[in-house]
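Feature annotations, reproduced from Swiss-Prot:
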type     : residues : note
TRANSMEM : 35-55    : transmembrane segment
TRANSMEM : 61-81    : transmembrane segment
TRANSMEM : 94-114   : transmembrane segment
TRANSMEM : 128-148  : transmembrane segment
TRANSMEM : 151-171  : transmembrane segment
TRANSMEM : 190-210  : transmembrane segment
TRANSMEM : 211-231  : transmembrane segment
Amino acid sequence: MAGGLPHPVLLVDEAAKSVGLYKLNDVFHAQVIDSNVIYAWFAMVLLIILGTLATRKLAMVPSGLQNFFEVVVGGLESFVVENIGEKGRKVYPFLCALFLFIITGNLIGLVPGLDSPTNNVNTNAAMALTVFAYYNFWGIRMWGAGYIKHFMGPFWWLVPLMLPIEIISHLARPLSLTLRLFGNIRGEEIVLVLLFALAPVVGTFPMYFLFSLADCIQAFVFFMLAMIYLKGSLDHAH
């Protein structure tokens, strides 16, 4: 099953079963570790391997994987600094790691025999709650008790109206991040399953380009929204 959907043999699932990670818990009769966690770990290991290969022989004139990672990482850093300012360098490592994990998690779901950790609502909720905690942490760290001014509006007489609106708005952010990514990736899985059922494997190849593009866009949207939330917490409240 791929996120609850029929799927070809999942290679990482089979490997996990062989080492006992999918043994049933005697009390709750559930898997010791859920499959979406296994695939999240797989995405992390893949990124670590690629990062190690890219930095194993650093050169002044980059090529291959080093060149690819320098373009991606450097481009993301420039984007963050342009939008947040120099303060963005403090939060950039978090944003970059978030983007790389999401795009890797999205894309591995397109590989036959693998599944995407981001088509599970729990994975996305964990990332969304981490973003929520992280930008509020930076807001409190930067402004202390004055961070509450971000929720009060520009005039004191608007506080009774703005405070509840802002609180609801901020609480809705993790839900929005979770459902946006989950809905898009799960929808992609459903379409892939239907295409495999209705058309030969070769007939699905053109869709892979479209889905790859959509996966990259969804990763960037999540990254950009997290950056906007961080920018709001780092900027001075007016």
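Glycine is treated like the rest: Cβ placed from N, Cα and C.
Since we're looking at a predicted model, the values are computed, not measured.
Long-range Cβ contacts of the transmembrane segment (94-114) within its own chain (Cβ-Cβ under 8 Å, at least 6 residues beyond either end) map to 2, 8-12, 39-40, 42-44, 46-47, 72-73, 76-77, 80, 123, 127, 131, 134, 181, 185, 188-189, 192, 208, 211-212, 215-216, 218-220, 222-223, 226-227, 230. Taking pairs at least six residues apart, the transmembrane segment (128-148) and the transmembrane segment (211-231) share three or more Cβ pairs below 8 Å and count as touching.
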